[in-house]
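A.B. asks: Just dropping this structure here.
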Amino acid sequence: MQLLYTILKEIADAILFFFIQVFKIFRYFFYPEFKNCSKLATLLRWLTHFWLFFGLMVLISASGFTSYEEHRDVLYYFKRQFVFCLIGIVISNILMHFPLTLLLKYSNIPFFFIFGLTILTLMPNIGISINGARRWIAVYGFLVQPSELIKPFWVLQISKIFGQWEFLTTRTKIFWLIIFLIQIVAVLIQPNLSTASLLGITLWLMGLCANFPWKYLLGTVFVGLSMAITSISLKPYQLSRITSFLDPWKDPRGKGYQLVQSLITIGSGGIFGTGYGISLQKTGYLPIHYTDFIFAVYIEEFGFIGAVSLLLLIIFYFLLVITVILKTNHPVLRLVGCGAIILLMIQTLLNMAVATGIFPTTGLPLPFFSYGGNALLANLINCSFLIRLALETKDRN
């Protein structure tokens with residue numbers, strides 16, 4: 001009981017501190033452009049902030065027990081996430097000051113910089129290997145994951161190329177297709193099948209949105225599936241994820257343990273949940289409960305009602321962005337909106353599908369909920385493009 005009291009007190013203090021600091025940041029970055037912007041832009045902006053803040057509150061609860069057990073600090077993981085939150089808010093608000101056409105003009109710079117970092121992760125003396133995967137580079141005590149950070153700039157660069165595809169020379173087209181392929185293969189080699197698949201699917205769907213001929217799209221599907229099958233056949237742990245997904249109860253204490261515990265966690269929530277901060281499964285039963293499987297802990301604490309409410313919020317967010325895209329006349333900017341929302345929704349829905357046993361374990365985080373500073377930064381930058389698009393839609397229409 002004393003431990004529970006300590007955890008709850010620390011959580012309450014953290015929430016108070018969090019909102020005070022966020023309020024100060026918003027006051028600093030609240031600029032006049034939002035005072036006269038469309039209702040769509042305002043609503044999209046505040047929905048993004050709500051998603052972010054609510055996700056951080058869920059993370060405080062989901063990570064509290066493990067933080068105390070491993071570091072004797074209930075807020076250890078939250079504090080680290082909060083640092084990235086502040087950095088992300090600053091960067092995203094700065095980016096929202098600039099027209100998307102300007103960001104597209106100079107998108108090559110961050111894209112190739114992070115592209116280079118992705119290649120460096122494969123170098124033995126530079127890339128850091130964790131659990132057999134070489135995906136990180138250490139920078140001042142923080143682990144930088146280029147495959148996460150490149151996601152928003154992946155959208156910008158694809159939009160820039162695909163949006164003016166018919167005006168490009170054959171040589172330029174081949175060059176960029178090779179660059180995109182190298183990026184996907186580099187992530188696949190790390191190995192990181194889930195992120196490589198996400199980048200590939202985003203590329204394919206943006207090609208679909210750009211009205212690429214079906215003969216090219218179907219050809220890339222064959223190439224993508226071949227790469228995925230090859231990766232799975234060469235990496236036994238990826239194959240075991242699929243076999244354990246098909247029948248997790250066959251080996252509930254072995255390969256199926258993660259999914260079985262996730263389903264138990266979700267079932268424990270019932271209709272209304274156990275209450276915020278009172279999850280039992282996060283106390284050592286459900287592995288990676290504050291990262292890839294945080295959605296299961298969320299359902300345990302908020303129940304079926306909470307799960308449906310979150311899903312409705314995400315659907316509303318999606319429809320709001322679609323409305324903005326339909327109001328956008330500029331073809332390249334429309335592609336930016338399509339790519340950004342595709343990236344956000346695929347990660348969200350796949351993470352939920354994995355936690356509920358609908359899809360094999362992927363390793364994709366739940367945007368704004370899962371612990372991971374690199375993913376948080378990428379998602380905030382990605383959403384800043386959507387908000388900026390909503391701002392510009394009013395001006396252009």
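The backbone N, Cα and C atoms fix where each Cβ goes, and this holds for glycine too.
Note that the structure is a prediction, hence the values are computed from the model and not measured.
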A.B. asks: Of the ranges 10-30, 136-156, 367-387, which one does Swiss-Prot list as transmembrane segment?
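C.D. replies: Feature transmembrane segment in Swiss-Prot: residues 367-387.
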A.B. asks: Who are the chain neighbours of the transmembrane segment (198-218) in space, where the CB to CB distance is under 8 Å and they lie at least 6 residues beyond its ends?
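C.D. replies: Cβ under 8 Å, 6 or more out: 150-151, 154-155, 158-159, 162-163, 165, 180, 183-184, 187, 224, 227, 331, 334-335, 338-339, 342-343, 346-347, 364.
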A.B. asks: Counting Cβ pairs closer than 8 Å, which of 46-66, 109-129, 367-387 has the most of them with the transmembrane segment (82-102)?
C.D. replies: 367-387
A.B. asks: Quickly jot the same-chain residues contacting the transmembrane segment (109-129) by Cβ under 8 Å, restricted to those at least six beyond its ends, or write none.
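C.D. replies: Those are 135-138, 143-144, 146-147, 149-150, 153-154, 156-157, 179, 182-183, 186-187, 189-190, in sequence order.
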A.B. asks: Cβ under 8 Å to the transmembrane segment (339-359), counting only same-chain residues 6 or more beyond its ends: which ones?
C.D. replies: 151-152, 154-156, 158-159, 198, 201-202, 205-206, 209, 245, 248, 259, 262-263, 266, 292-293, 295-296, 299, 311, 314, 318, 321-322, 325, 365-367, 370, 379, 382-383, 385-386, 389
